[in-house]
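K.L.:
I grabbed these lines from Swiss-Prot:
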- 1-21: compositional bias 'Pro residues' (COMPBIAS)
- 50-60: compositional bias 'Basic and acidic residues' (COMPBIAS)
- 638-650: compositional bias 'Basic and acidic residues' (COMPBIAS)
- 354: N-linked glycosylation site (CARBOHYD)
- 1-98: region 'Disordered' (REGION)
- 638-679: region 'Disordered' (REGION)
- 110-130: transmembrane segment (TRANSMEM)
- 178-198: transmembrane segment (TRANSMEM)
- 211-229: transmembrane segment (TRANSMEM)
- 233-255: transmembrane segment (TRANSMEM)
- 330-350: transmembrane segment (TRANSMEM)
- 398-420: transmembrane segment (TRANSMEM)
- 424-444: transmembrane segment (TRANSMEM)
- 464-484: transmembrane segment (TRANSMEM)
- 496-516: transmembrane segment (TRANSMEM)
- 530-550: transmembrane segment (TRANSMEM)
- 569-589: transmembrane segment (TRANSMEM)
- 598-618: transmembrane segment (TRANSMEM)
């Protein structure tokens, strides 16, 4: 019914630690560039535009090396500090070339290719087709012998009970409407397990792009394979849904892992060097003298123009602004592609007379779109290999051993992050609320589509229009909620509560159908098909606000410097929660033999997060997060010292403490817990 939640980058607002005021410095762009050496990197899997510039880069490296020979030891030390401020590490095969427009286009193209699967397939035509295929193999519930009719066939009295169907799957009798719900639960479970297992490969080694393309091809071809699904092999449709949904989720995790790298190496960031206190103490006089010498340079040579060095706070602001700009553009491009494909899908369904064949043709088109427009992404997106695992000796063996090493490391990192999160009460409150809320969001979408198909007898083209309306309203909501919150003076958690109140209207509206006087009216309470359209607009508008503000609120609670690990936990909570809602709704449908009672469950699921959000104290969460960050930073300082000594920190460093956001042992964790509780 609605597209995937837009994943705007976090914009946490924190009070900066008191620092000694920094004095703006001027420096020559040429002098700054001479200190940067861009390592030549080659791979059989790299983008086509990477080798074309190798000669010019080699020449640049040569010039850079000669300039580096004349730089002072303090300048080299400052360069290392600079690189750490960007979040980067020095390691073998690091690709530090500036982000190109072609590389950005490749990143956008994958969103353009794959977002259509969310909007047109998994949120619309796949659940419709799965229910239709199950119905073709089912029998009427009333006698368990008569074959079922199409769910959108109108009965003379307009009743719903006579058209309820059941189908036998693996020896179990289930309602045809719950068949799709159980399928989605299985797919989300596998997706959550896979996302955790590959998260390490997304950040380490040279597997990021290879895995992204592998999952893209698997997902797109599994969607195209729906053209071969027929009544006799309807279970194949469920298997393809599981494969495609799991592949899509994994590919988008890998795509999102490119975003920090694109931002970090963007020219706007590369040439915005942070100022440090040490630089001012030891280099201010020399730097100003060098900068002043360029005032006499040719006034027509822009390359020698002077530029103010940014403070660390300013550099962070630039990075967040650029990250938001790139991510928002990718979301917008994906939404536009999804709406365009959905309009074509409606035309196909109209042309082919609302048959299951028309739905299979639509899915063939969606899969082909995903596959074809992944090709430019494969050509233009650079591999950008990450640092090796701290246990590098294990991962370097390759093959199955490397896979096991990466998977075990990923699960260890997850458990370590959870051990940190449970010590922060406001993080726990938020993740509990987000677990319930994200489950309600996903379950409401699939339940509403199936209710409209089986209870309201809406035809496939009308069901597709529900998705179009919801997506359009979601785009409007993403931009409107910021204005609404400013206008009403709402804080982020208050805006989330306002969204929850509006969201609660959807299941409550469905429950109105139980009221006797509403039943007598024959309208309202989801008794007429047209009522789905305004509800779809409300759903999309609410989703546009929740997606952004939940990430923003969570960002304010994260310990400074641990954003990546905690946002991974945020994503896993989002994926993992969606296992339960569809399964419970499926059980309700099987027990009651209709879908409307599921609105009771949805009303509870939507309302439960509200008190948890209400009791979140952002100020308290910031203080506790900063105290925890101080302990984490102690281990990171040890890692930096190991790096300066020319060795990569490993799990064996520091008395066996493994890396954990930085790593900590049990004694550190107990000390932190006492600090937080003793505030």
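Every residue gets a Cβ built from N, Cα and C, even glycine.
It should be emphasised that the depicted structure is a prediction, and the values quoted were computed from it without experimental measurement.
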K.L.:
For the transmembrane segment (496-516) and the transmembrane segment (598-618), does the number of C-beta pairs under 8 Å, pairs 6 or more apart in sequence, reach 3 or more?
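P.N.:
With 3 or more qualifying Cβ pairs, these stretches touch.
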K.L.:
At a Cβ cut-off of 8 Å, and with pairs 6 or more apart in sequence only, do we get at least 3 pairs between the transmembrane segment (178-198) and the transmembrane segment (110-130), yes or no?
P.N.:
yes
K.L.:
Are the transmembrane segment (424-444) and the transmembrane segment (569-589) near each other by the rule of at least 3 C-beta pairs under 8 angstroms (pairs 6 or more apart)?
P.N.:
yes
K.L.:
Three or more CB pairs closer than 8 Å, sequence separation of 6 or more: does that hold for the transmembrane segment (330-350) against the transmembrane segment (598-618)?
P.N.:
no
K.L.:
The transmembrane segment (398-420) and the transmembrane segment (530-550): do they have three or more Cβ pairs under 8 Å, with pairs 6 or more apart in sequence?
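P.N.:
Since fewer than 3 Cβ pairs under 8 Å link them, the transmembrane segment (530-550) and the transmembrane segment (398-420) do not come into contact.
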K.L.:
Before we move on, state whether the transmembrane segment (110-130) and the transmembrane segment (464-484) share at least 3 Cβ pairs under 8 Å, counting only pairs 6 or more apart in sequence.
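P.N.:
As far as Cβ distances go (cut-off 8 Å, pairs 6 or more apart), the transmembrane segment (110-130) and the transmembrane segment (464-484) touch.
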K.L.:
When you scan the chain for residues with a C-beta under 8 Å from the transmembrane segment (464-484), skipping those not six or more beyond its ends, what do you find?
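P.N.:
1-3, 6, 119-120, 123-125, 332, 335, 338-339, 342-343, 345-346, 349, 448-449, 452, 458, 490, 495, 498-499, 532-533, 536-545, 547-549.
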